[in-house]
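Lifted from Swiss-Prot, the feature list:
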type    : residues                               : note
BINDING : Tyr109, Gly175, Glu190, Lys191, Ser208 : alpha-D-glucose 1-phosphate binding site
Amino acid sequence: MVYAASRYVSQLTKDTLALVLAGGKGTRLKELTEHQSKPALHFGGKFRVIDFTLSNCVNSGIRQIGIATQYKSHSLLRHLSQGWSHLNRDMGEFVELLPASQQCSSRWYQGTADALFQNIEFIKEQSPKYVLVLAGDHIYKMDYADMLAQHVQSGADVTIGGIEVPVHEAANAFGVMQINKSGRVVSFDEKPDSPSPLPEDPALALASMGIYVFNTEFLLNELQKDAHSLTSEHDFGNDIVPQCIADYEVHAFRFTDSLYGLKPYWKDIGTLDAFWQANIDLIEVTPKLDIYDDSWPIWTYQKQSPPAKFVFNNDNRRGSATDSMVSGGCVISGATIDRSLLFVDVRVHSYSKITESVILPNVEIGRDVNIHRAIIAANCSVPSGMNIGFDHDEDQARGFRVSPNGIVLVTQNMLENLREQAPWEHAIQRYSQPKHLHS
């Protein structure tokens with residue numbers, strides 16, 4: 001059956017409830033997620049990671065959204081209350097927070113399927129025809145209405161979003177699907193050691209994006225069965241999906257093109273290397289992820305900050321930035337920024353140089369500091385004269401974390417521990433730390 005696209009998609013999205021799983025610990029991000037969940041991480045200069053999934057929902061016409069939260073959720077809840085309270089409940093639009101242990105059970109969420117089961121009454125109250133299950137910790141732009149339309153027209157019970165990735169990247173990282181010519185999923189392996197390649201291209205595998213469309217009644221039945229299974233881990237990838245493939249119609253939606261015919265961009269920023277790379281991707285002349293596209297905006301909350309400022313123009317003391325993104329509230333005072341991304345309210349003092357680095361919000365960098373291929377966590381105060389990213393043995397000896405690809409993570413706790421280990425040296429650095437905004 002062929003439908004008039006605009007009317008059909010509009011009705012589809014109105015009949016859909018989105019449930020965003022936003023409780024991930026993000027343990028591979030090490031100290032970056034020590035005090036917050038992965039979806040709450042800062043990204044792209046002014047956003048939070050979860051903003052991309054939520055913006056996709058709103059831009060797709062899906063305005064009924066539940067967010068299941070769990071791990072260290074304070075900063076996430078604060079961001080959602082500040083930035084995502086604009087939907088109109090009188091029009092049936094909402095972003096509902098669903099913390100663990102406050103629904104039909106007193107226990108923590110035991111897995112992705114259990115997160116939905118504990119909110120089963122919430123799902124029933126909304127009476128949607130379809131439930132769109134999403135991960136809140138991926139970076140991408142996607143029109144979910146296209147996936148919903150395919151789901152209905154194919155007659156599937158479940159549709160799984162999939163993207164082509166190199167086989168070596170899929171190994172031990174993603175759920176991998178095999179599909180037949182009609183798009184039906186015939187096998188699903190969760191994070192296999194040796195992923196099955198696509199028949200038409202042995203270098204690629206079809207990886208699950210963690211996006212699922214369910215017919216609501218079907219989902220409720222499967223959640224009930226899974227909840228009462230003594231052998232289940234209550235996880236979509238390990239339990240629900242394999243069982244559905246064996247018994248029901250499960251189809252794949254292949255995310256083969258992004259909006260407006262661009263090559264799809266989808267990133268799991270679950271490691272330090274991936275987090276750094278996804279941010280650095282944005283500074284390219286033509287980035288694979290276009291955050292400047294007014295037709296598909298990324299919505300967020302950001303405090304009011306003044307414009308970025310660059311001061312001093314002497315030969316050896318020039319405030320400048322090349323091939324970089326510098327956010328509001330930043331002051332570059334006689335320092336050089338190259339191929340880097342600076343979040344809001346970063347201050348870099350004279351004679352310092354930052355290259356190929358990601359500097360998170362509210363960071364102060366002293367004089368004569370050199371930083372290369374690093375992530376400087378929020379609220380750091382980097383003392384004058386420090387070099388980061390040039391000698392990894394020295395970086396590790398100082399307590400900084402070095403990733404497999406050589407990205408150095410620095411947090412304020414690491415800097416404070418270093419100061420305690422060498423109090424005389426750091427007393428001198430504190431004494432020489434700039435006292436003025438423009439120094």
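Glycine is treated like the rest: Cβ placed from N, Cα and C.
Binding-site extent for alpha-D-glucose 1-phosphate: residues Tyr109, Gly175, Glu190, Lys191, Ser208, maximum pairwise Cα distance 22 Å (rounded to the nearest whole number). For Ser208 (alpha-D-glucose 1-phosphate binding site), applying a Cβ distance below 8 Å and a minimum sequence separation of six or more within one chain yields Ile160, Gly161, Gly162, Phe174, Gly175, Val176, Met177, Phe188, Gly237, Val241. Less than 8 angstroms from the CB of Tyr109 (alpha-D-glucose 1-phosphate binding site) sit Gly23, Ala68, Gln70, Ala100, Ala115, Gln118, each of them six or more residues away in the same chain.
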